[in-house]
Every structure is written in structure tokens, then in C-alpha cells.
Amino acid sequence: MEAEKFVLITGCSEGGIGNALALKFHQEGFQVLATARQVERMDNLTKAGLQTLKLDVTDEDSVREVEQEVRKFTNGSLHYLINNAGAPCSAPAIDLDIEDVSKVMDVNFYGVIRMNKAFQHQLIRAKGTIVNVNSLVSYVPFAFNAAYNASKAALLAYSNTLRIELAPFGVQVTSIMTGGVQTKIQSKPLGTMTEAAIPENSIYYPYRKLILENRNPVEKFVTIEEFADAAYPQLVGRGRWYQLFKPGVRPAQIWAGYMSSAGRVGSMLPVEVFSMSVRLIVKLPSTAVWRDHTVD
């Protein structure tokens, strides 16, 4: 009989990617430890028989307590750590509030570092895999999303370095380059771009309606279940041709979600090419009218 394999996933609130991945791994026979800041938001997982734990990735004490709790279940061997917890931030780059940027970085980047550091020994013992849920915006300069883009770009650079450094210990690192997915992240305070994100003294104020009208086409995004179904085989060693011969090998990057294929191609193109495409998508004027608000 095959030994139990344990998966720890952050950011598992219902309606999100983490929740769908938790259910997928559970259905495939893994022992899943699902976490979120509010346990009641994982009621569907609890009813499905999954173990749920309260975790705030921005809190060192919370991370430490969960590591100790998880150790009781895993006996010190964690096979997958999926860092999915994320925070959005939508606003013009030039108008960003440092406090908002700090909050996004604390979850999307520093939170991942905290988790990997805390669980390193459990992962090494199991020869496990770290999965950092990233986004194609780490390559693609999606307009009016600069803080989120920057947090994911930092995460990608960190992940690529971590992959090299942990290889001698038998721990693999994979980045899921996420395209458009229908999640509840857009409903969070900083996730939905509203007119409030463009103050009257902003240089974009005259174009606020145009900007809001041309945000991402959520209706075209894949569902969280479709995303989980696409990512899972590659995470467990069955989705790439070379995994037929080396099933233990995990890809450095997995691309899944709406426009992820275009993002993959775009990552190999000059930045100028993709920047031009994004400008056309958001319909920014080639020349903007500027009014100096510093002058009465």
C-alpha cells in the first residue's frame, strides 16, 4: 500500500484557486491540509473531509504555529507546499499608495518566503515540491496593476533562484503561471478597480471611465475547477512528455488559465512588443491631455 502523501495549501477560501486545488488533490487521494485566514470560509472543504487550519502568512507566529500543527499530521514529511495566498491591488502605477503596495508584497512575496523557510525541513525530509502560484503578469505589464505585477515578478525571480538552491536537497520548485481565472479575488477591497482608485488629482482622472470600461474580460476566464484540472497532472508528474520517462521531474513553470498561452509566447518577445499590445487592449490614448493640478 502506497504511503500517505501530504499537501499543504495556503489561501483556500471558497471560490478561489487554492480551494479548487485542495479539492482536486483530495479527490486524487492526497491528505490535504487547507489553510486560510478565516476557517469558516473553507466550510465546503471541511464538509468534504479535508483538514482545515487557520493561517495568516503575514504573521510569523501564525506560520510557526501552523508548522508545528502540520508536523503532527505529516510526521515531519510534507510532500507539497502550495503557496497560493494572494492579495490584489489595482491602481495607476503613478498613484500607488506605499501602504497598499506594502500589504500586497507582504502577502504575495514575503508570505511565501515565510512559509518556505518554516517548512523547509519537512519538505527536505519528503523530497517534496514547493509550488508558488504566480501569474503571467510577472512577465506581462498589465496596465493599472503595477503593485500586483511587481509582487509576482519578485516572486518569480525568488522561485527561480530557490529552484537552483534547493535542488541538491531533493526539493523541487515549480511556478504556476496563472492566466485569467474566475476567482473571488476581484471582490476584495484592492482587487476591483473603481473610480476611487483614480483620485481627482490623478493624471488619469479624465480617462477614468475609459480605463474602467476596458478592464479584464472576466467572462472569458477559466473556472477554478478547469484551472485545477489543467495544473494537477503536471504537478504530480504526468502532464509533460518528458514526465513519461522521468515522472519525478516537476517543470519549472506551468502555464494555465485564460491567455496563459499568449503570455508564455509573450515572455519570449521584446518588452516593447507586449507593451504595445497591452496599450491597445486597455485602449489608452496615444497622446494624453494633461492638466497641471499644482497650478491654480
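Glycine is treated like the rest: Cβ placed from N, Cα and C.
Here Swiss-Prot gives motif 'GXSXG' for one range in the set 11-15, 71-75, 246-250, 291-295: that range is 11-15. Within the same chain, the residues at least 6 positions away from V181 (NADP(+) binding site) whose Cβ sits under 8 Å from its Cβ are I17, F221, V222, T223, I224, F227, G257, Y258, listed in sequence order. Assigned with DSSP, the residues of the motif 'GXSXG' (11-15) fall into helix, strand and coil as follows: 0 helix, 0 strand, 5 coil. Under a cutoff of 8 A between CB atoms, and with a sequence separation of 6+ in the same chain, the neighbours of Y148 (NADP(+) binding site) are P88, C89, S90, V104, N108, S135, V137.
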